[in-house]
Every structure is written in structure tokens, then in C-alpha cells.
Amino acid sequence: MLATDSDPIVAIATAAGRGGIGVVRVSFGRGGEAAALPLIDALCGQKLAPRHASYVPFLDEHGAPLDRGIALYFPAPHSYTGEHVLELQGHGGPIVMQLLLQRCLDAGRGFGLRLAEPGEFTRRAFLNDKLDLAQAEAVADLIEASTEAAARSAGRSLDGAFSRQIHALVDDVITLRMLVEATLDFPEEEIDFLEAADARGKLAKIRAQLAHVLGDARQGALLREGLSVVLAGQPNVGKSSLLNALAGAELAIVTPIAGTTRDKVAQTIQVEGIPLHIIDTAGLRETEDEVERIGIARTWSEIERADVVLHLLDSRNGMTADDETIAARFPGGVPVVRVLNKTDLTGVAACVEHPAAEGDLTEVHLSAKRGDGIDMLRAELLRIAGWQAGAEGVYLARERHLIALRAAQEHLAQAADHAEQRAQSLDLFAEELRLAQEQLNAITGEFTSDDLLGVIFSRFCIGK
């Protein structure tokens, strides 16, 4: 906890720009009631009943109204931050909001009121045990949600669904640790611990439970982050037409002239609530045109960062020598789907062909021009992403959550190995359980550095 975490803070809590309502929020920190009551009197000219909406004038330093609106006073600990909080809801014009903000700062100068940093109100809520860290992150995720599914999942995380799963895992790990460490503390008790306490059975159940949580978290991360899909291939194979077909709109220029697309064209579409970030790129070929060469270099950069590459071919020509050269340069760790476009010119029915042998690629035959096979391609992208259609109860998760869950999974696997070696490895068994617990606690913030908190809350908007 930093020294500044107890400062009184103020910020405009609503989005920039004009609106029907604007909100200025004050959290009084260490100032408490001694700071709150004089500020309320200076701004509102009267006392406020706790947790009641009062329609009052917002007064300047001379007692003249700056605005009129709703004032709400929340004494600690019954507030968003867990501190004494004042919210002033006025008209949402930027000038009015700035005047009201400055009035708060001037009136609160005597007790050290300052502007809040990004995410500082939610940071206070975390530090005062109103939210755990996973719930605090869900606040930002709910604000930033780009799909209905992502918003609903963020709401479940904010409600504590993810945190409850983590706490249940931690409780089970702690229970098992207690059994192991009790045996280590009393070696004179000649009890076969592993058999009597069914330690291996308990560990197996914890590992299965963790695998389930990790699976749900992967689904949640997919809802939050989406999938980056790069369209790559030679010129004139229909990449821009495919982008337009996937998006359902004319986003990219389509002509028979090779090299029309010289820089990337990106569009995010939603498929079953999953954001697919589709990137149309310059056609891959040898060229003397400097502008086109720059576009091709950017294409390869996008391919290296992609989650999936769609390698487009002209179905009339199949896999040519130039296509083989392109395919040989694809990064080894990036999934590639071979898309044979223009089936309207060959008479081949739209279909998906999954690999018959290891090392082969999935092939999708389609016509971007007519739209044949586009739904099949969307379904294939979701399959590659690992999305389970109709998954209920998914909560939004972040990459740091996945990293912590995978690390905990690895520590539990090591613990299982030590359990198989029986009593001679009980101390190592206990240590791996401790490390797994540490990783799980980091998700909810029970074991977290100030540096990590700074990174997480700096990404919030000011006033939240």
C-alpha cells in the first residue's frame, strides 16, 4: 500500500464530452467525516442525509450557484471505495463539469484533496476489501466490453463468479497443505499419510477442478481479447472480397488489378459474441514497387502476430509453386487454414476438409463473391479458437489469469509426481502446494505486488 492511497481524491466520473448528466466523485480517504462535512456544506449549503438523493444548488466560493443537481453522500464503509464518498450529479456539459471539479479542489485544498489517478477509486475499493483484484479488473472489462457476451461475462466476474471458483481451489489446496505439513511436523507418527488421508485422491480432484476453471477462463479470455485473423496470399486471390464477405459490408476495394491492397485493412466482426479481428493484407509477391514492398513487409509482420492465418488460393489453380514458397515462410506456431476461393468459377461445392494425416492443413472451399461457405469458415475459426458454443456461466478472464492458472497447474503436476514417491518427498509435495496456492492468490490479489497493482489500475479511466 502506497502513502498516497489514503489521500482525499476527486475526479469527473463520467465520459468526456457533452451529456445529459455529469458526475463528480470525491472519496475522502484519511480525511473521513472531518473533511466530508465541511466540503458538503461549502458545495451544497446544507447537510445531506446519508444515502439519500438531495436536489441542491452546487455553490461557488461566493455562494452563487454553478449548477443544480443531485448530491449523494455515502459514509464509510458503505460506499464504492469503502471510504466517505460524495457524488455530485449535474448537467453534463464539459465547462460545467470542469467548474464543479475545480470548485471541489479549491474547497478541499485545506485537507489535501487532489485529482484522482486513472482507476484510483477502484483501487481504493480493492484496498478496502470492497472488491478483490479479479472483480476490480472486471469493472474495466465491463466498461470496455465490445460484445453483449463479453459484457455479460464481465458482469459475472464483477459479481464474483470467477473469484468464488478461485477461492474454492485455494481452500482445497490449503486443506491438503495442512494434512501434508502436519505429517511433516509429527514424523514419529507411523502413519502412511498418503494412504490414510487419501492425499493423492484429494490432489487429483483439485487438479480436475483447476482444469475446469482453466477451460472456462480460456473461453472468457477469448470473449475479451478475440482472435486475430490475417488474410494472406498472392494478389487477386480474393482476400479483400473475403474480408467484405466476412464483415457483410464493402470495406475493402475489390478490383482485378494486382496490388490494389497496399496496406492492411482491418475490421472486427462478431461471431457468437467472439470478436474476430480480420486483417486484409497486401498480396505476397516479388515487386519493384517500393510502396507495395512496404505493404508486403507489413503483411509478414501481421502474420507473425496472428492467432490464425487464412492462406487464400485461387481454386482454379490450386497450390502453385509460389503458394508453396509463401506457405514455407509461415511461422511454425501459428495455425494456418488453406482457403480455396472462387469455387463459383470451378463448380466445386463449398465444404470444409479436415486433415487426413498429421501435418496436413484444414481446407475450406468457398466463394467469397457469392457467399458460399462463409458460415463454414466462421465455424472453423471458432473451432480453432476452442470456443464452445452455448457455454453458460463463462466469466471474463485476462492473460495474467491464464498465466497464473497454468503455473498453478504445473505446480500441482509436480506435487503429484512427488506424491508418487511417497514419504521421502513430502517436503517437496508441500512446497509445490504452497507455490500453487501463491499463484491462485495472485489472481484475486491476496498475494500481489504494488507494481502489478500500478499496471492494472493505470489502464482504467479517470474517475473509476
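Glycine is treated like the rest: Cβ placed from N, Cα and C.
Quick caveat, the model's predicted, so the values are computed rather than measured.
For Glu87 ((6S)-5-formyl-5,6,7,8-tetrahydrofolate binding site), the same-chain residues lying six or more positions away in sequence with a CB closer than 8 A to its CB are Ala13, Val23, Val24, Arg25, Val26, Ala71, Leu72, Phe74. Swiss-Prot lists Arg25, Glu87, Lys130, Lys464 with the feature (6S)-5-formyl-5,6,7,8-tetrahydrofolate binding site.
The K(+) binding site annotation in Swiss-Prot covers Asn236, Thr255, Ile257, Thr260. Secondary structure at Asn236 (K(+) binding site), taken from DSSP and collapsed to helix, strand or coil, is coil.
As annotated by Swiss-Prot, GTP binding site applies to 236-241, 255-261, 280-283, with the evidence given as sequence analysis. In the three-state DSSP assignment, the secondary structure recorded for Ala282 (GTP binding site) is coil.
Summarising the annotation, Swiss-Prot assigns Mg(2+) binding site to Ser240, Thr261 and lists sequence analysis as the type of evidence. Counting Cβ atoms from all protein chains shown, Ser240 (Mg(2+) binding site) has 23 others lying within 10 Å of its own Cβ.
Under the heading domain 'TrmE-type G', Swiss-Prot lists 226-386.
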At the level of the C-alpha atoms, what whole-angstrom distance separates Lys239 (GTP binding site) and Lys130 ((6S)-5-formyl-5,6,7,8-tetrahydrofolate binding site)?
50
Neighbour count first, Cβ atoms within 10 Å, every protein chain included; then name which of Arg25, Lys130 tops the list of binding-site residues.
Arg25
Three-class DSSP secondary structure - Glu87 ((6S)-5-formyl-5,6,7,8-tetrahydrofolate binding site):
strand
Of all the binding-site residues given, Asn236, Lys239, Ala282, which residue's CB has the most CB neighbours within 10 A?
Lys239
How big is the Cα-to-Cα gap, in Å, between Ala282 (GTP binding site) and Ser240 (Mg(2+) binding site)?
9
Between Asn236 (K(+) binding site) and Lys130 ((6S)-5-formyl-5,6,7,8-tetrahydrofolate binding site), how far is it from one CA atom to the other, in Å?
57
Just to verify a number: CA distance, Lys130 ((6S)-5-formyl-5,6,7,8-tetrahydrofolate binding site) to Ser240 (Mg(2+) binding site), in angstrom, no decimals.
49
